[in-house]
Amino acid sequence: MKAGATSMWASCCGLLNEVMGTGAVRGQQSAFAGATGPFRFTPNPEFSTYPPAATEGPNIVCKACGLSFSVFRKKHVCCDCKKDFCSVCSVLQENLRRCSTCHLLQETAFQRPQLMRLKVKDLRQYLILRNIPIDTCREKEDLVDLVLCHHGLGSEDDMDTSSLNSSRSQTSSFFTRSFFSNYTAPSATMSSFQGELMDGDQTSRSGVPAQVQSEITSANTEDDDDDDDEDDDDEEENAEDRNPGLSKERVRASLSDLSSLDDVEGMSVRQLKEILARNFVNYSGCCEKWELVEKVNRLYKENEENQKSYGERLQLQDEEDDSLCRICMDAVIDCVLLECGHMVTCTKCGKRMSECPICRQYVVRAVHVFKS
């Protein structure tokens, strides 16, 4: 009976060791350390006292913000500096990923005036990403020179590769052209010979005289020429519509072009509509030209009246400004400054003045005056 209880207790302790860890069961064993019999525990060498340390993988972080990559912060490689950046610190441009620093310098086109406007921090970061030492740089100009020097070396390598590719493409195109020209020339002669045979067969089969045939062919060619001219005109109009910058810009009509009401009668319907449209006048219900002329006449008269009233208002405003106090620009000039005698302020401002604002003479007294 005691042996069965001992084996059952040992199996229970093994399960607790697997589930809770060896340390939890060892805490309970300390209470039974002095016990004897089936309650005495023996250490199991298969289980360690402390849990195994987790193996840490390489921690790859963004070069700009220093945050680790995740599902929401994906890793991208900059096409210029070949460093790892997250999606927030990189810019997608023309299917190429660049970091913010490389993109900023790429926007300047590596021109010295544009580079001098950048911050020193951005220039230093650009050089550090390319593992270029900047210990000898003391001024901003040194950083700019270093950037231009490095960019010049990179552009020369690009030019060498591009020139090599272009030379290869030129040689391949030369051989392909020479190869195909040897086979296209006999085929062209054969096609021309077959065309002459077909023309001879058609003329022999048809019993129409040669003069009639020549007249028919000339008429057909004239019709074809007319159709071609019309098609060319349509194509030119479409090209002008698609590329307005290539054609001469037509000057639109406006109210300033009218010197009197008599000029309105000589304008076309298109010009009248342009004038109304530029002045936000609706002409959707107008079906005849005289209706458009009436609207333009009314618009011209209203414009003349507005200009006259605006001129009168400006004149009155100038007169009012001449009579306002030069200090507060609110009250009317009603004060004489003594001893100089200038009238440039109101009574309230004149009493506060210590010297005249015009002649800088000391103000002895400010006298209030009345205008009749």
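Glycine residues also receive a Cβ, built from the backbone N, Cα and C atoms like all the rest.
Annotation comment: Swiss-Prot describes 201-220 as compositional bias 'Polar residues'.
The feature compositional bias 'Acidic residues' is assigned by Swiss-Prot to 221-239.
Here Swiss-Prot flags 240-252 as compositional bias 'Basic and acidic residues'.
Among the features that Swiss-Prot reports, domain 'SAP 1' is placed at 115-134. Long-range neighbours of the domain 'SAP 1' (115-134) within the same chain, counting only residues 6 or more positions beyond its ends whose Cβ lies under 8 Å from a Cβ of the stretch, are 63, 78, 81, 83, 99, 101-102, 104-105, 108, 140-141, 143-144, 146-148, 150.
The feature domain 'SAP 2' is assigned by Swiss-Prot to 264-278. Model confidence over the domain 'SAP 2' (264-278) is summarised by a mean pLDDT of 90.
Marked as phosphoserine by Swiss-Prot: Ser169 (among others).
Per Swiss-Prot, phosphoserine is recorded for Ser254 (among others), and the stated evidence type is a large-scale study or a structure entry. The Cβ of Ser254 (phosphoserine) lies under 8 Å from the Cβ of Glu274, Ile275, Arg278, each of which sits 6+ residues away along the same chain.
The phosphoserine feature in Swiss-Prot is assigned to Ser256 (among others). Ser256 (phosphoserine) is surrounded by 8 other CB atoms, counting those within 10 A of its CB over all protein chains shown.
For 194-253, the entry in Swiss-Prot reads region 'Disordered'.
Under the heading zinc finger, Swiss-Prot lists 56-107 (among others).
The zinc finger feature in Swiss-Prot is assigned to 325-360 (among others). Residue counts for the zinc finger (325-360) under DSSP, split into helix (H, G, I), strand (E, B) and coil, are 6 helix, 6 strand, 24 coil.
Here the domain 'SAP 1' (115-134) is broken down by DSSP into helix, strand and coil counts: 12 helix, 0 strand, 8 coil. For the domain 'SAP 2' (264-278), the residues of the chain that approach it from at least six positions outside its boundaries are 252-255, 258, 289, 292-293, 295-297, 299-300, judged by C-beta separation under 8 angstroms.
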